[in-house]
Amino acid sequence: MTPIDAKRPLQLNDQGQLRHFLSLDGLPRELLTEILDTADSFLEVGARAVKKVPLLRGKTVCNVFFENSTRTRTTFELAAQRLSADVISLNVSTSSTSKGETLFDTLRNLEAMAADMFVVRHSDSGAAHFIAEHVCPEVAVINGGDGRHAHPTQGMLDMLTIRRHKGSFENLSVAIVGDILHSRVARSDMLALKALGCPDIRVIGPKTLIPIGIEQYGVKVYTDLAEGLKDVDVVIMLRLQRERMAGGLLPSEGEFYRLFGLTTARLAGAKPDAIVMHPGPINRGVEIESAVADGKHSVILNQVTYGIAVRMAVLSMAMSGQNAQRQLDQENAQ
């Protein structure tokens, strides 16, 4: 499995600050830590009576979702609103794209409305990078998920969840379980865990749902759930993505649950204080039983809460990086 993007200077300005957020591939550990630290500082905003800070006042954030989403779209909207930005959410099913307008033309029109930032989710891998290459230089682009490729804000909210519950990545064993082949979350989590110094990253699933060459990410591959879960600190369950599957990859959902579904009995093989995560939406009785999803080890709802803070961090840092680059360009032009 070859990652679509190597290190992307496009994501950073000339001073090494974030200006787009397209993938975690190639981003330095220091920058990922800065995102986590910034997100940590934003968590208290959600506990205020007035849940707003003025960092993006006067800015317009456009959510352009070409795939259905509940958590990602809603948390991006809340994140932008809590930063005091104006928010536009494009309903693709009623937009001109459903009448034949191209993605490029749609974004050009939004650009003409003086939007400052696009949050884009698209079914095509590489869509967010394409947009970042073609929008005007003043617009920041945030990847809300593109095909099988990347979901960088989900990756970072997962890292914040782990850090807040476990403190450090340096001695952790983390298992990512399920449909690895179709999961952009798995790719982003693997990249983030490796960059942040996690020494033991495991992927667990049927052979048909594990990409060829995944070992290049520095992970250990298991096709037996009990063996893979032994003594892990963190279990990240993945949604079974039937909508992306070709025929023959999986006999049935029941068979998948029998072999790879996370039950209380199977979780007992992990460490006693292990945490259980899931990016959602959860398919109960397919990837995970309700007793685990709702049990004492589950931090799934924490992930949703932390997602708002992480997206606030990314939006504010990308806008700050764009502003710094604009000022630098103006100084160089004089």
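Cβ coordinates are placed from backbone N, Cα and C, and glycine is handled just like the others.
For Arg71, Thr72, Arg121, His151, Gln154, Gly280, Pro281, the entry in Swiss-Prot reads carbamoyl phosphate binding site. Thr72 (carbamoyl phosphate binding site) is surrounded by 24 other CB atoms, counting those within 10 A of its CB over all protein chains shown. Under DSSP, Thr72 (carbamoyl phosphate binding site) is assigned to a helix (H, G or I) in the three-state scheme.
Summarising the annotation, Swiss-Prot assigns L-aspartate binding site to Lys99, Arg184, Arg239. Reduced to three states, the DSSP call for Arg184 (L-aspartate binding site) is helix.
For the recorded carbamoyl phosphate site, residues Arg71, Thr72, Arg121, His151, Gln154, Gly280, Pro281 set the reference point as the centre of their Cβ atoms, and the other residues of that chain within 8 Å of it by Cβ are Ser69, Thr70, Gly144, Gly145, Val185, Pro279. Counting other Cβ atoms within 10 Å of each Cβ, the binding-site residues Gly280, Pro281 show the lowest value at Pro281. Per the record's binding annotation for carbamoyl phosphate, residues Arg71, Thr72, Arg121, His151, Gln154, Gly280, Pro281 show a top Cα-Cα distance of 16 Å. Neighbour list (Arg121 (carbamoyl phosphate binding site), Cβ cut-off 8 Å, at least 6 residues apart, same chain): Val64, Phe65, Phe66, Glu67, Ser69, Thr72, Arg73, Asn143, Gly144, Gly145, Asp146. Each residue contributes its Cα atom, and for Gly280 (carbamoyl phosphate binding site) and Arg239 (L-aspartate binding site) those atoms are 7 Å apart.
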